[in-house]
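What Swiss-Prot records for this protein:
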BINDING   Asp95  Mg(2+) 2 binding site
BINDING   Asp95  Mg(2+) 1 binding site
BINDING   Lys465, Arg468, His497, Arg514  isopentenyl diphosphate binding site
BINDING   Asp504, Asp508  Mg(2+) 3 binding site
BINDING   Asp504, Asp508  Mg(2+) 4 binding site
BINDING   Arg513, Lys591, Thr592, Gln628, Asn635, Lys645  dimethylallyl diphosphate binding site
REGION    1-336  region 'Sesterterpenoid synthase'
REGION    338-746  region 'Geranylfarnesyl diphosphate synthase'
Amino acid sequence: MASEVIVISDHARKEAGTVSVFPVLIHTDYARVIEDVRKVEDQFNSEMKTSIDTKTTADFPELGLAHVTAFTIPYCRPDRLSIMTRLTEITFFNDDYYDDAGVEKILDYNNHLRECFGGRAEDELTKASAVTKSKQLQASVLVEMHYIDSELARDMMLTYNRILEVTSLGKNAGLKSLDEYLPFRIGNSGIEVYQDMSCFGMGVKLTKEEKEKLDPIVIAAHNSTTLINDYHSWPKEVRKYFNEVQATGKADLPVNAVCIFMQTEGLSEQASRQRVREEIIAQQKSHLAMIQDLVEQEGPLPEKYYMYFKAAQYTASGSEYWAAITSRYPTKTELNQPEVIIVDGELKYESSEIQQTPKQIATTFNGIPESAKSIIESKVNGTSAHIPDIRHSPADGAQTHHLISDGQFREVINGHANVHTNGKANGTSQGEDLEVYEVTTGNFQRAPEDTVLAPYQYIASLPSKNIRNKFIDALNLWLGVPPLALSSIKRIVEYLHHSSLMLDDIEDNSTLRRGKPCTHMLYGNAQTINAANYAFVSAFAEVQNLQSPSAITIFIREVQNMHRGQSLDLSWKYHTHCPTVDEYMMMVDNKTGAMFRLCVQLMQAESSVPCQKITQSDFITQLGRYFQIRDDYQNLVSSEYTTQKGFCEDLDEGKISLPLIYTIMDSSPEASVVKGIFHHRLREGGLPLHLKEYILSQMEEKGALSATHSLLQKMQKELIEGLHRVEETFGSKNALVELMLRRLWV
């Protein structure tokens, strides 16, 4: 912890116009990290081919040049100030990069229209490569944090992952008060992650239970930080709103407390901004009052509690002082921005001289099918999962005949229909004998894909951590697979993955997948199997788009391995057979490892960097094993898995997992009882709760769960060592792969 800090004077705060009741401090080493900021700027703009200026440093009275981190984490340990500054700066760069990309939505409309209807689209795969590079920059800092303090770094990553799973960039619509708005903003603002960052910087460690206890107090301070950001960013958000309206003809109202007050209390813009400032003070006073209440209830609090509170307080007061001076947030006066009002859910300039009618988007949706509109909208907004769209039309000049229900047949030539009768009128025969017309040879009309794709589209739409695509992107930093080939490989993996999930859920009699009904529960077994088969064929068709002659061989070999491994898993379950640990590992190497090998081998085959450095190591084999054993373990102990799949769902389906093998591999009476339960379990409906609890207790008593956990921790160490060996062969680090691994740690 820093031995001392610099207190910002009341005079300086008054000159800046701040209202926080918390003190404003700055780290004594604030000048030392300016060079870190410049290095991040140079690196990001060089890698991303941009010229972004985050404006996170400013010239402060009596201080000179300083960065926001020095104000928001003034008690940061001196040896951690640099990494906290770099992480904060990279976060600002990423925010600005994606914010600027949002302005380009109008271009994306045109590109996606051409893409959907066969035209030449802008190469988004190159953009995706740039995004991967930006993630690599951030990942390198996060990995460095793990080496400094793995416990606090992991706390931050868990918070980050939790927020990503539940957060969407929602709209103000439906929020009827500030009380509804503030929890919504806490969820998607990232302030909880910054609280963990501050704790990392200060070295403050609290248990999960302690954090939950202090949450109501800390949230009040976080609310004030959110409102501070809303107040200072408002003019910038208004400018962005009108820029987007000018470009596309529409825009969502800013997600900002100023809007909330204007809509719910009917206040003017100026009055609403003043209400925001008043609420900043109210939230901070509430925070301090709750601390005092806690002290009165419990007596003197642990020092770490006070530091935890200060982390939230200085984030608020420091960010306000910084925001009041930095040029990142221009004022309405500096923007020469008139007052705005809300009319029919839209922002309008109050001045009548300002043009009210926005320029409409150049490309319209007139004449485009509704299904295509939704695809384009979802792609432009970046919210859709990848859904296959393989449409084909009969060749020009093709002729086909179709029987129709009234006894006529339709001859279709070049898309024009000619109707002919068959000697019957209104169902009455005009002759003595029924004359039957045969369909002549010729092209046929393909059935639409909507029905066969429906189950696939459903499972592809479910929430997912998208581990496989992240793995592919991370490996591509080494392998340099051309963009089109990389896109094909991702589609191949997605088709196979979702196909296997649909079939697995049927084979396992599962009812939940990621907290939602399994596909076959909605579409039935037969239709789901048909969709899974179609996805498999689509994957094979995609392989033909790859350039390497070995691609088909790789695909067939690993898909065969996948099914061989699955056959062992299903056989053991059906016969209640307990394999040896070695047999189990062989099954995993085939069933789970096949997908990882398929990714790597296809990428190496298409790589612009000739090498076999990854598959020659045991890294991929270890990764497949870790992935499966971790899944076995989490299914039994994780509350998240319980929510998504049900309590100990593997026991319901009779799966022979590694913890179960450890439990029943001996000849003890307890092992025999567990075997008997599995042998006589109901095929449909799984096991009663009390039997699952009994089996779980036996796993705990026999040390099966602890043995599995110990093995996983040993494998974690081996995976990092294996990754470092691969990094040595490539001659470069891959922080994205390491970060992906560390996010899986148990």
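Residue positions begin at 1 at the first shown residue.
Just so it is clear, glycine is given a Cβ too, placed from its N, Cα and C backbone atoms.
What you are looking at is a predicted structure, and each value in this text was computed from that prediction instead of being measured.
Feature map: Swiss-Prot annotations on the structure.
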residue: Lys465; record: isopentenyl diphosphate binding site; Cβ within 10 Å: 14
residue: His497; record: isopentenyl diphosphate binding site; Cβ within 10 Å: 19
residue: Asp504; record: Mg(2+) 3 binding site; Cβ within 10 Å: 18
residue: Asp508; record: Mg(2+) 3 binding site; Cβ within 10 Å: 19
residue: Arg513; record: dimethylallyl diphosphate binding site; Cβ within 10 Å: 20
residue: Arg514; record: isopentenyl diphosphate binding site; Cβ within 10 Å: 14
residue: Lys591; record: dimethylallyl diphosphate binding site; Cβ within 10 Å: 23
residue: Gln628; record: dimethylallyl diphosphate binding site; Cβ within 10 Å: 22
residue: Asn635; record: dimethylallyl diphosphate binding site; Cβ within 10 Å: 22
residue: Lys645; record: dimethylallyl diphosphate binding site; Cβ within 10 Å: 23
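Sequence-distant contacts of Thr592 (dimethylallyl diphosphate binding site), defined by Cβ-Cβ distance under 8 angstroms and a gap of at least six in the same chain, are Gly565, Gly624, Arg625, Phe627, Gln628. The average pLDDT computed for the region 'Sesterterpenoid synthase' (1-336) is 89. Cα-Cα distance from Arg513 (dimethylallyl diphosphate binding site) to His497 (isopentenyl diphosphate binding site): 13 Å (rounded to the nearest whole number). Here the Cβ of the residue listed as 'Mg(2+) 2 binding site' has 13 other Cβ atoms within 10 Å, regardless of which shown protein chain they belong to. Note: the CA-CA distance between Asp504 (Mg(2+) 3 binding site) and Asp95 (Mg(2+) 2 binding site) rounds to 39 Å.
Distances between the Cα of His497 (isopentenyl diphosphate binding site) and those of the binding-site residues Asp95, Asp508, Lys591, Asn635, Lys645 are shortest for Lys591. The dimethylallyl diphosphate-binding residues named in the record, Arg513, Lys591, Thr592, Gln628, Asn635, Lys645, extend over a maximum Cα to Cα distance of 20 Å. A Cα-Cα distance of 22 Å separates Lys465 (isopentenyl diphosphate binding site) from Asp508 (Mg(2+) 3 binding site). Annotation for Arg468 (isopentenyl diphosphate binding site): same-chain Cβ neighbours under 8 Å, separated by at least 6 residues, are Val493, Glu494, His497, Met595, Cys599. Put simply, of the binding-site residues Asp508, Arg514, Lys591, Asn635, Lys645, the one whose Cα is nearest the Cα of the residue listed as 'Mg(2+) 2 binding site' is Arg514. Each residue contributes its Cα atom, and for Asp508 (Mg(2+) 3 binding site) and Asn635 (dimethylallyl diphosphate binding site) those atoms are 14 Å apart. DSSP assigns Arg513 (dimethylallyl diphosphate binding site) to a strand in the three-state reduction.
Taking the Cα atom of each, Lys645 (dimethylallyl diphosphate binding site) and Arg514 (isopentenyl diphosphate binding site) are about 6 angstrom apart.
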